[in-house]
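So that you can see what the record holds, here are the features copied from TrEMBL:
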SIGNAL    1-30  signal peptide
DOMAIN    58-289  domain 'Glycosyl hydrolase family 36 N-terminal'
BINDING   Trp203, Asp373, Asp374, Arg450, Lys483, Trp484, Asp485, His486, Asn487, Cys533, Asp555  substrate binding site
ACT_SITE  Asp485  active site, nucleophile
ACT_SITE  Asp555  active site, proton donor
DOMAIN    657-740  domain 'Glycosyl hydrolase family 36 C-terminal'
Amino acid sequence: MTDFDQRRRTLCMQLLGGLAGAALGGSAWARPSVDDTGKVFRLDGAGVTYAFGVNTDGQLQTLYWGSALAPDDRLAAPVPVPENSSNEMPVVLTPFEFPGFGGGLTVEPALKVTFPDGVRDLVLRHVDHRVDGDRIVIRLKDVSRAVHVTLTYAMDAATGILARSAVVENRTPGWIQVDQLAAASVNLPYADDYRMSYLTGRWAGEFALQTRPIVPGSIVIESRKGATSHQANPWLAISRGATEEESGPVWFGALGWSGSWRIHVDMDGLGGLRTTAGYNPFDFAYRLKPGESLASPVFHAGFSSEGFGGASRVFHRYQRSNILPVPPGASAPRLRPVLYNSWEATLFAVDEAGQTALAEKAASIGVERFVMDDGWFGARSSDKAGLGDWVVNRKKFPNGLAPLIKRVNALGMEFGLWVEPEMVNPDSDLYRAHPDWVIHFQGRPRSEARNQLVLNLARKDVYEHLLKMLDRLLADHAIGFLKWDHNRAWSEPGWPEVAAADQQRLYVAYVDNLYKLLAELRRRHPKVEIESCASGGGRVDLGIMALTDQVWTSDNTDPFDRLLIQDGFSRAYTPAIMMAWVTDAPNFVNRRVTSLEYRFLSAMQGGLGIGANLNHWKAEDFALAKRLVAGYKAIRKTVQQGDLYRLVSPQGGSNRSATLSVAQDGRQAVLFAFLHSSGLREAQPRIQLRGLDPKKEYALRAIAGKAVPRTPQRASGAYWMGHGLVVEMVGDFQAAAFVLEG
Ligand code: DGJ
């Protein structure tokens, strides 16, 4: 095994073991069991059972996935599926855990390979299995050739979420080409009312929730863009017809991969439902020399019988405890500091005096982290030039960044800086020196987007250059935070310096080096936090989340649009990492005018940031902001790391929305309520809270807005959940926020 493969395997194991878990001194994974026949494997945790087994033909089949079975319930070992007709061969109907393309498989394979002699038939059979501490490892092998596959399963005891991955290893004497590799196939039995929810979008319109019935045929969600993408996010949920927000079964999963990916959901003619998640097979080829191996990303899959709300709460919890980085010595991810970001205020026109003036104003309202965005380096005065030249622009900062950073620190704030390491403007010294460093095909045009090209991070020299540059930047300056941007999709995905047969390794090797770069920077600079930004939310997935501390949800900072984006985001990902800014009105995206209070309350649903031009604020704006920032600091732990209840969803053009976050210790709950517009003197419905202790007494306190007269100031959890409260809201773009302390 080469270093490269070993590292990939290590990364995969780290993800399975949980980077956070490791920091916590060992994550709590459920102990898998194998029955006395040695044919049935079970993982049980947090009210969930996942079971699979091996049949007499050595095929690995799914047996069960859903609410917990009793410990003594015996599951019969699977049997080979009989032929249904000559047109539906058994392999097509078998609920394989990891099907190879071969033996007549015409449904989606998890693994497809090509051998040098043109053979493309791969029939995987069980070789052996072992319970390796808290994971179960299954080895499969082709019936005649030395292609070995190792499947790893680990279930988080606290959430019942299963992490699955696969490693394919070439032990044949010649090369093999991996044409397609998934982390897992997951099967559900026939039902006629399955529905699938997933997230699509576009720039400034990410995390749009889609739901559609699953009927025979395939649904594909994917990115072919080299990065996770705005267009679709690698998360899905499968529910039943009767599933609602707080009741009914939901099976969900997300792929931890920040490159091109695909999730393929297909229902066969007999109703079997299969989900296959992994590298996008489109334009994929990964040639393995003898002894080499390729690891898949990790697919994280969970189940809840408590509807979409239950599913997202359990997934958020899993992300906080198993995925997100935890600072050394801490037991949970760090709370997001309140930040200020200069982008919408100044665009590229950053300089020492202007940034200092903004920093002073930001500090006066309680900002904790001041972030200077694009424009501070090279010949960067627009998006046309300078990207790649990470030297401080001396016209804008005659004495370097030190005086600004010193002032920011003296104001009691941490300093953060924008970078976009993976990109280059052709009009840059870096590109002029290294035109071959970008992803391209020899002799072909190089398509630009935002006047930039993508550096080929798969190349060792590019990796080393970026590591050196970023390491130096962090070593030379008191930088506490990097906003790591990525502003375009790939084009012409060539890597001319390697043999033609190896060029498509790019899809894996690039992301692999991105992860390695982030991990190495974190190791060298453990106090520096990183935000994953990609023109907004174009790179949000469990892979990047393991190596970054927060994500930039969307460039769309309109507070009303954001309610929908944040609702979609919360279906898959925790508010603990979801950044939201208060910016100017009218908003640059849609010219919508909203009050400063409304903008604050919308942004307070996640990690609060301010991106407005503070030079335009009046004294009363500063006073309001100061009060709301202080109010936010008193509730942020609950908002970021509590249990989220989507009481009234903004989906489907709803005029109203409301969320409740309940602290893990149950002592605080935070309610946000929003109204789009009053019409026809309609009344406001009662908002019934959830997740409180019915017996505990909670005091109600308004952060903004008010409840209708005669609302009690104290009442039991039973009262707030049963009776509820009515929020007084009249007008357009109204918002209110309350704290309940118990
Ligand atoms: C895209 C990001 O999403 C914005 O917030 C900003 O950082 C710009 N890039 C800067 O070019």
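Using the three backbone atoms N, Cα and C, a Cβ is placed for every residue, glycine included.
Annotated features, which come from TrEMBL, shown on the structure.
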residue : record                 : Cβ contacts under 8 Å, 6 or more apart
Trp203  : substrate binding site : His230, Ser535, Gly536, Gly538, Asp555
Asp374  : substrate binding site : Trp343, Leu347, Phe348, Val350, Arg380, Asp383, Trp418, Glu420, Asp485
Lys483  : substrate binding site : Asn341, Val371, Asp373, Gly416, Leu417, Trp418, Val419, Glu531, Cys533, Trp552
Asn487  : substrate binding site : Glu420, Met423, Ala449, Arg450, Gln452, Ala534, Ser535
Using DSSP, how many residues in the domain 'Glycosyl hydrolase family 36 C-terminal' (657-740) fall into helix, strand and coil?
6 helix, 42 strand, 36 coil
Other CB atoms, at most 10 A from the CB of Asp555 (substrate binding site):
22
Measure from the Cβ of Asp485 (substrate binding site) and count the other Cβ atoms within 10 Å, all protein chains considered.
24
Return the maximum Cα to Cα distance in Å (whole number) over the record's substrate-binding residues: Trp203, Asp373, Asp374, Arg450, Lys483, Trp484, Asp485, His486, Asn487, Cys533, Asp555.
19
Roughly where does the domain 'Glycosyl hydrolase family 36 N-terminal' (58-289) sit in mean pLDDT, to the nearest integer?
97
